[in-house]
């Protein structure tokens, strides 16, 4: 029997780790561990930021790594706050995120998740796995346990991410879609 491949997921967020482990739980040969690593905050487009963070993490840890970068993008603001949503959320909270759109009629937006994976071998490309979910920015509803989930309502649903069961959220969310793409990659590489 082959040994399990350990991949370091660079996060200090236990909720994110749990979500990733739940989604990839069927993989018998992959072990996802959490490594809280302080990486530089790169500026730029989501794909570029993800690649830079993953390459730096792989260099520091000398092995296979997985990083996740999430954006919340408002259509009225040309995609902002985008990859900078973390900083807005820390300063404003979910209520402030919603109030950012006070001056606009258009409250539509999308959540974008990018997982970047490096096998840890120098010279190999960083691979990206993306998921996107269209929705509306609404007044916060539901538990405040997971970032901006209380103010994002996916199209076709009457609940915010925060009000949904984890099973439903994982099946439709930007992160769930990105994890599905990642899972398919590991299946193709016979890592499960």
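Placement of Cβ uses the backbone N, Cα and C atoms for every residue, glycine included.
The feature ITP binding site is assigned by Swiss-Prot to 11-16, 53, 69-70, 86, 146-149, 169, 174-175, with sequence analysis given as support. Feature annotation from Swiss-Prot assigns Mg(2+) binding site to 41.
When each of the binding-site residues 53, 86 is scored by how many other Cβ atoms sit within 10 Å of its Cβ, 86 comes out lowest. Within the group of binding-site residues (14, 41, 174), the Cβ with the highest number of other Cβ atoms inside 10 Å belongs to 174. Closest by Cα distance to the residue listed as 'Mg(2+) binding site', from the binding-site residues 14, 86, 174, is 86.
Counting Cβ atoms from all protein chains shown, residue 148 (ITP binding site) has 25 others lying within 10 Å of its own Cβ. In the three-state DSSP assignment, the secondary structure recorded for residue 41 (Mg(2+) binding site) is coil.
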